[in-house]
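Listed features, source TrEMBL:
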type: DOMAIN; residues: 23-289; note: domain 'Dynamin-type G'
type: DOMAIN; residues: 528-634; note: domain 'PH'
type: DOMAIN; residues: 662-753; note: domain 'GED'
Amino acid sequence: MEELIPLVNKLQDAFSSIGQSCHLDLPQIAVVGGQSAGKSSVLENFVGRDFLPRGSGIVTRRPLILQLIFSKTEYAEFLHCKSKKFTDFDEVRQEIEAETDRVTGTNKGISPVPINLRVYSPHVLNLTLIDLPGITKVPVGDQPQDIEYQIKDMILQFISRESSLILAVTPANMDLANSDALKMAKEVDPQGLRTIGVITKLDLMDEGTDARDVLENKLLPLRRGYIGVVNRSQKDIDGKKDIKAALAAERKFFLSHPAYRHMADRMGTPHLQKVLNQQLTNHIRETLPSLRSKLQSQLLSLEKEVEEYKNFRPDDPTRKTKALLQMVQQFGVDFEKRIEGSGDQVDTLELSGGARINRIFHERFPFELVKMEFDEKDLRREISYAIKNIHGVRQVSAQIGSSGGRGLAHGGTGLFTPDLAFEAIVKKQVVKLKEPCLKCVDLVIQELINTVRQCTSKLGSYPRLREETERIVTTHIREREGKTKDQILLLIDIELSYINTNHEDFIGFANAQQRNTQTNKKRAIPNQVIRRGWLTINNISIMKGGSKEYWFVLTAESLSWYKDEEEKEKKYMLPLDNLKIRDVEKGFMSNKHVFAIFNTEQRNVYKDLRQIELACDSQEDVDSWKASFLRAGVYPEKDQTENEDGAQENTFSMDPQLERQVETIRNLVDSYVGIINKSIRDLMPKTIMHLMINNTKDFIHSELLAYLYSSADQSSLMEESADQAQRRDDMLRMYHALKEALNIIGDISTSTVSTPVPPPVDDTWLQ
């Protein structure tokens, strides 16, 4: 073992400095043989210490897994009492005996539960040896009737592993043809690639007989042949003959015995060790290529990062300036990409800032505008009050309808003057726009700030720089917030300052009188598809198949649903006339978000359902579908929470004349507010883009750097985070350790000689 130990240890050290374990999975060496064949003695000779219980009869009654570990000092420890270190090997033997009795009792019982013992020593290789109970046929003491099979199963468990070497131990004073050890080894290793025959007790053979034929591999040939060893006798052990002396006696025996003299160099414990060593070396060499490729791939992945650090001087001001400029530039590019969108490195996991802002502009904001549409009853009441209040004390009902069809701006005391009432009501409606507009600005700001945060995450290695960048840009966005909101309020004030009744889209007074609200429900191009997508119909009863997903297609005229997106099998088509949308409470158990479509005329919408409930996975999807329905002219239902006393008053009677005037003004207001909504919907995104988003982009490109320089000195901005410095050191250490390990592997490959497997032999005798 002497030559291998230093090599393997060098490797282990190199690996542990990388913080990895070196998986050299050295083969286990299992010792198999009949009872009292001398298995434990063979093992002890490897370790060079007396520590295994020995004697006649069944001594090894539990498998002993013996891990040899190379170390500067010599001691042993058991898995079952980890805290205690044994330096006296006599104590180790006593502990093994005590632990065996603890599980198996004192009367010869056996157990498959292994005892784990670790021996640390400067004279060993990192190896696992397994001392197994001897094969017996007849139960004695407390042993069960099927003792033979129990022991065989136990042994097979350990020797079936491809990576174990089998030492098949047979005493020379027993006929080799009866060897159970060889028979079992053959079962698990028919090729004989990992079986080594060991013949013990050569010194106990009858006078005039010898094992020469066996040892010359002539009698019952094994591919790896047989090695003879002479262990100490029980008398030697009792007389405390030490192992060194025993090895010398063994050598003397082989040199002086006429039958074995010619092959003395191929006999004895040292030679057995050498053969095992060779096996281990071969094994190590076989595992090296995969280790090497693993190391090389790690090295390659590090090369690039190490390149940056190789000539890294943390205090070099020019490097800091360069890094600062690069970081700020990169931040600007990232920000722009997230807002403007870009072809390269598209995020497929979530919507980017730009896409979200687009949703706010074109789905959320229009929806907020429509949501604040007015309650019909309230509006009519307000109009009638306005008309009455304009006349004040001069209520002349006889004259009311007299100015019937004249232009809108018709004056005249006591006569019907719709313009004043119209303006008052329109202004009231326009003022209501302020809230959704400001809300829209807030939503956009939220997205912008989130985008800034995502972009600064790349500056993580310089915490101070990251903090400052985030602070400066966020402060700027907050400053712009005021300006943008002022501008938007200004837009609305401008609308309020002059009601332009000559607008080409305005219906005018004459039309307003004839127009019936229903007939003029303007629609988009009839069969234009507004949206497609999956929705679940939530409220079909279990009897009728339960809630189910369908592929929905919404056009300007109808809502249809199909079995799937191929749109071959249409399930139903629902015309959009008289439909409205209402919210539905989220179910107690469900995690879906639901909205419903119902008919304002109290008719069934689908089969026997008054409303169909449609379910989406997120609130965002619900909002987005609602926005699509708006485009198709399906509006949200107004809150029906009329206060009771209001309802009483609401029944105030209007004479037909007043009724007609209210209807006229109602149509005028509707038309004009529609025009304003359209222009606000168009101007809002433009204003926000110009005053806030583009402005922030320019700020990042042209002024951020100046602000950074004035906020703190460069060296403190570019202070690395402790993690980053630590990471750099670790990486360099790892890099050098990997190089070192690769060099060692190169050495091993050139300095160790692998021995070829011996040629197959005629082993038909074992069949």
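Backbone N, Cα and C atoms are what each Cβ position is placed from, and that goes for glycine too.
Over the domain 'GED' (662-753), the average per-residue pLDDT in this prediction is 85. Helix, strand and coil residue tallies for the domain 'PH' (528-634), in that order: 16 helix, 48 strand, 43 coil [DSSP]. For the domain 'GED' (662-753), DSSP puts the residue distribution at 83 helix, 0 strand, 9 coil.
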